[in-house]
Amino acid sequence: NNSLKDKRRGKIDRSLIDMFVLHELLQLCAKRRSLLVGKSCHGLAIHFGLVTDTVTCNILINLYTKCGRNDCARHVFDAMLARSIVSWNTMIAGYTQSGEDVQALKLFQRMHREGRQLTKFTLSSTICACAAKYAINDCKQLHAIAIKLALDVNSFVGTAILDVYAKCNMIKDACWVFEKMPDKTLVTWSSLFAGYVQNGLHEEALCLFRNAQREGVKLSEFTLSAIISACASLALKIEGTQLHAVIVKCGFHGNFFVAASLVDVYARCGQIEKSYALFAYMEQKNVVIWNAMIAGFSRHAHSWEAMILFEKMHQLGIFPNEVTYLSMLSVCSHAGLVEEGRHYFNLLMSDQTVEPNVLHYSCMVDVLGRSGKTDEAWELIHKMPFEPTASMWGSLLGSCRNHNNSGLARIAAEQLFQLEPDNGGNHVLLSNVYAASGNWENVLMARKYLKDSGAKKEIGRSWIEAKGKIHVFVVGERKHPAITDIYNKLEEIYHDMRKFAHMTKIECDLHDVHDDQKEELLKHHSEKLALAFGLISLPPNIPIIIHKNLRICGDCHSFMKVAAHITERLFIVRDVNRFHHFKDGSCSCGDFW
């Protein structure tokens, strides 16, 4: 009897050993993404009769989801006689990680209907699926379930909910979730940083970053990348430079996304030379860094440099993506390079790895429209497989204004009024089209529609940094403490300009008034006041950098060129479209913007 018992014990021990070894092998396959070996181990599990074992099946599900074979994982899941919470969590997480968000939500609904226990991992994985498909209603329901189960304060669940709200433009709700969380991880902070930046709340992102530093939160490459993006959007040169020092100190300067953000921040702050120096210093570059540099050259009107980079990408075997093509079309748009624009658009259409989207078509419409080919741009809008966007109609309307196509301008304006009824700038653009052709009756009508609609026109502003403070100007500014000196300096510049026979471009003022009144109105545009302030406030050996929220007008552009020649200074103006470098009587844009 004892001998028989020993034999049975030995058989059981060998079975256990076989199972443990198989589990180790399956986990190793999952870690190394070895699908072929994993399938062989699955065959052994069937041979040993282990496919009825819940733990073995959970490991198999994990293996297949890690290897991107959710179909095989689901086959194992559906065949299980008894499922644990790990089975459900692993399958839902597999769907979420592979982007099969609908399947993840459906499986969660089934799990909930069956009355299965929900854990923090179940909820966080499912909520991540909501974030991927912007399913805000589903997220709210899951948030309610999390509150009911007292899991909303869990860092995994809370961070996932915060991320969904931020991505769905519900940043106040995201902040509320953030404040309620007792334990905030680095991922939690990074998610809110990214949420602020994605929603255009760049100043709030910087304030949050200062709070994080005061609380001693550890910095990550994701945090720093988001904050640098905020500095880039606000064109904060000093803060961007300080962050660069922090990044080098933390050892993140080699990270692709951080490096791309740094290239972007220097370019947006008018320091394109530093931007390129940083780009050239990077030994290893991915497509994100190349895109950042090409976009930087585009903003600074360095069209040929951007094209050279595009060719170098091809030579080095780095394939362009949708962002690369978008930047190249933007380069052609702002440089008036129609044939080159057609070339890149055709390359995009023939590229099997990139799917053209509405932004590419919008850029091509801009390429054609800016060069006066408004009818061809109109035809492209009709042919494209997308519904025209407000941006597209706005681009066409602006082109019609510059090239006096009032008939097409009215069609574009009518479309814009439907898509953006609260945007007063569209009414102003149409009014300017009529004014440019001297049709003052229609100008009055367009301005009456603007007044009756209640839409607001954005006020033009220019700002300049001096001695660590931002100084903001509007047309006809009177409140600045140095306004008397500013106007005196402006008069001095105009006096010197008369020696060069400089004439004010009164056609740039689109009011129905006498020419002398037009000249007076143009004289006190916000960018001219900012320039005069820069000349009296900044040392003579540094560039004067001015930022503007609207497009620079033709008269101010002409004024800047002559003023740069007279003062022998470099002026850099960043308007809503691009940077203009004024030096020695010329502009980097070649008078095409």
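Each position is counted from 1, following the chain as shown.
The backbone N, Cα and C atoms fix where each Cβ goes, glycine too.
Unlike curated records, TrEMBL annotations are generated automatically.
Worth saying up front: this structure is predicted, and the values here are computed from it rather than measured.
Positions annotated as domain 'DYW' by TrEMBL: 504-593.
Within the chain, the repeat 'PPR' (53-83) has long-range Cβ neighbours (under 8 A, six or more residues past its boundaries) at 19, 22-23, 26-27, 29-31, 33-35, 38, 42, 45, 90-91, 93-95, 97-98, 100, 103. Per TrEMBL, the feature repeat 'PPR' maps to 53-83 (among others).
Look at TrEMBL and you will find 84-118 (among others) tagged as repeat 'PPR'. Under 8 Å from some Cβ of the repeat 'PPR' (84-118) lie the Cβ atoms of residues 54, 57-58, 61-62, 64-66, 68, 70, 73-74, 77, 125-126, 128-130, 132-133, 135, 138, 145, 149, 151, all in the same chain and six or more residues away from its ends.
Confidence across the repeat 'PPR' (185-219), taken as the mean pLDDT and rounded to a whole number, stands at 89. Residues annotated as repeat 'PPR' in TrEMBL: 185-219 (among others).
If you look at the repeat 'PPR' (286-320), the same-chain residues 6 or more away from its ends with a CB under 8 A from one of its CBs are 256-257, 259-261, 263-264, 266-268, 272, 275-276, 279, 327-328, 330-332, 334-335, 337, 340, 351, 353-354, 574, 578-581, 588-590, 593. What TrEMBL lists as repeat 'PPR' is 286-320 (among others).
Sequence-distant contacts of the repeat 'PPR' (321-356), counting only residues of its own chain at least 6 positions beyond either end whose CB sits under 8 Å from a CB of the stretch, comprise 287, 290-291, 294-295, 297-298, 301, 303, 306-307, 310, 313, 363-364, 366-368, 370-371, 373, 577-578, 589-590, 592-593. The annotation repeat 'PPR' is assigned in TrEMBL to 321-356 (among others).
If you look at the repeat 'PPR' (357-387), the same-chain residues 6 or more away from its ends with a CB under 8 A from one of its CBs are 322, 325-326, 329-330, 332-334, 336-338, 341-342, 345, 348, 395-396, 398-400, 402-403, 405, 408, 592. The repeat 'PPR' feature in TrEMBL is assigned to 357-387 (among others).
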With DSSP as the reference, give the number of residues of the repeat 'PPR' (185-219) in helix, strand and coil.
26 helix, 0 strand, 9 coil
